[in-house]
Structure formats: structure tokens, C-alpha cells
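A.B. asks: Under the heading Zn(2+) binding site, Swiss-Prot lists Cys7, Cys10, Cys26, Cys30.
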Amino acid sequence: MTTTVKCPTCQKEVIWNSESKFKPFCSDRCKLIDLGDWASEKHAIPVKSEFDPETLDGLGYDEADFFKDQ
């Protein structure tokens, strides 16, 4: 059975095998369009910020001598 996927850029059907030169894209053009979208920040991977300013305030990071050696 042949597996096919849709090109992420143009939605054209692409055969998914080791001989598919540009997979998951149908062509070098579609691959470069996608790369340009990432470079211009049209695409982004959502992340949850681990930095919470309120938590730091509660820990005393705003104290002037917090980072001084004891």
C-alpha cells in the first residue's frame, strides 16, 4: 500500500517513500515557501512561559543584596 500525504504548502498529494526528494513537500518551491514562512515568523511553536514575574517578586529577587555571596 502506498502512503500519501498532502503537501503542507499547496495541499497536493505527495507519495511518502524514500524516493520522495522533498517530502513532505511536493517540490523545492513549496519547501522554500514554508522555510520563508518560518523565517518571517508566520509559523510559531507555542510554548508556555516558565518565567513568572509574580513568583520572582514573592521570592525576593528584587532585593538589592539577593545575589551577594553569604
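Here the Cβ of each residue, glycine as well, is placed from N, Cα and C on the backbone.
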A.B. asks: Tell me the Cβ contacts of Cys26 (Zn(2+) binding site) under 8 Å, same chain only and six or more apart in sequence, or just say none.
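C.D. replies: Those within reach of Cys26 (Zn(2+) binding site), by Cβ under 8 Å and sequence separation of 6 or more, are Cys7, Thr9, Cys10, Lys12, Val14.
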A.B. asks: Show, in sequence order, which residues other than Cys7, Cys10, Cys26, Cys30 on the same chain lie with their Cβ within 8 Å of the centre of the Cβ atoms of the Zn(2+) site.
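C.D. replies: So the extra residues in range turn out to be Pro8, Thr9, Gln11, Lys12, Val14, Phe25, Ser27, Arg29.
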A.B. asks: Counting other Cβ atoms within 10 Å, pick out the least crowded of the binding-site residues Cys7, Cys10, Cys30.
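C.D. replies: If we count Cβ atoms within 10 Å for the binding-site residues Cys7, Cys10, Cys30, the smallest count is at Cys10.
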